[in-house]
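These notes concern the structure reproduced below.
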Amino acid sequence: MVKAVCVLRGDAKVAGTVTFEQESESAPTTITWDITGNDPNAERGFHIHTFGDNTNGCTSAGPHFNPHGKTHGAPTDAARHVGDLGNIKTDGQGNAKGSVQDSHVKLIGPHSVVGRTVVVHGGTDDLGKGGNEESLKTGNAGPRPACGVIGVAN
């Protein structure tokens, strides 16, 4: 079992943790999040970005992690970036808690997400269905109020 954790922080009030667990290289990864400080009753883009670099805030994280050269999509789409986690849904206080299993996200192997950055966006991810070029790259998810590097956990 490999475990990883990401502590989300940023210029905004958005903060939280994201944990990852994977039993073996062929197993799906369980991703669990507990995030506060978002707008209430909203959907916010939630992605793994390429670089574990936050020197210039969340912008330094680069584009979505996409080792297979696909277009942006929903987590359940065949054509998607590895880093496309879709949207988190917030409650009436702006908090989001949840968990999902993802067979594209790996902690083990050549396309591991360890050392990369999780970004919570300021807008809703259109899941690549926005009908424009930016939708196929970013899902038009908007600014990056919070992010954190994924690190190996005990």
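Every residue, even glycine, has its Cβ placed from backbone N, Cα and C.
Marked as Cu cation binding site by Swiss-Prot: HIS47, HIS49, HIS64, HIS121. Counting Cβ atoms from all protein chains shown, HIS121 (Cu cation binding site) has 26 others lying within 10 Å of its own Cβ.
Annotation source Swiss-Prot lists Zn(2+) binding site at HIS64, HIS72, HIS81, ASP84. Taken residue by residue with DSSP, HIS72 (Zn(2+) binding site) is part of neither helix nor strand, so it is coil.
The DSSP secondary structure for ARG144 (substrate binding site) is coil. When other Cβ atoms within 10 Å of the Cβ of ARG144 (substrate binding site) are tallied across all protein chains shown, the result is 24. According to Swiss-Prot, the feature substrate binding site maps to ARG144.
Marked as compositional bias 'Basic and acidic residues' by Swiss-Prot: 123-136.
Taking Cβ-Cβ distances under 8 Å and a sequence separation of 6 or more, the neighbours of CYS147 (disulfide bond) in its chain are LEU8, ARG9, GLY10, HIS49, ASN54, GLY57, CYS58, ALA61, THR117, VAL118, VAL119, VAL120. Taken from Swiss-Prot, the feature disulfide bond applies to CYS58-CYS147.
Long-range neighbours of the region 'Disordered' (122-143) within the same chain, counting only residues 6 or more positions beyond its ends whose Cβ lies under 8 Å from a Cβ of the stretch, are 12, 42-47, 63-64, 71-74, 77, 79-80, 84, 86-87. Annotated region 'Disordered' per Swiss-Prot: 122-143, in sequence order.
Considering only the binding-site residues HIS72, HIS81, ASP84, ARG144, the residues lying within 10 A of HIS64 (Cu cation binding site) on a C-alpha to C-alpha basis are HIS72, HIS81, ASP84. All protein chains considered, the CB of HIS47 (Cu cation binding site) has 28 other CB atoms within 10 Å. A separation of roughly 5 Å, to the nearest angstrom, links the Cα atoms of ASP84 (Zn(2+) binding site) and HIS47 (Cu cation binding site). Cβ atoms within 8 Å of the centroid of the Cβ atoms of HIS64, HIS72, HIS81, ASP84 (the Zn(2+) site) belong to the same-chain residues HIS47, PHE65, ASN66, LYS70, THR71, GLY73, ARG80, VAL82, GLY83, GLY128, LYS137, THR138, GLY139, site residues excluded. Listed in chain order, the extra residues whose Cβ falls within 8 Å of the Cβ center of the Cu cation site residues HIS47, HIS49, HIS64, HIS121 are GLY45, PHE46, ILE48, ALA61, PRO63, PHE65, GLY83, ASP84, VAL119, THR138, ALA141, ARG144. In sequence order, HIS64, ARG80, HIS81, ASP84, LEU127, GLY128, SER135, LEU136, LYS137, THR138, GLY139 make up the list of same-chain residues 6 or more apart from HIS72 (Zn(2+) binding site) whose Cβ falls under 8 Å from its Cβ.
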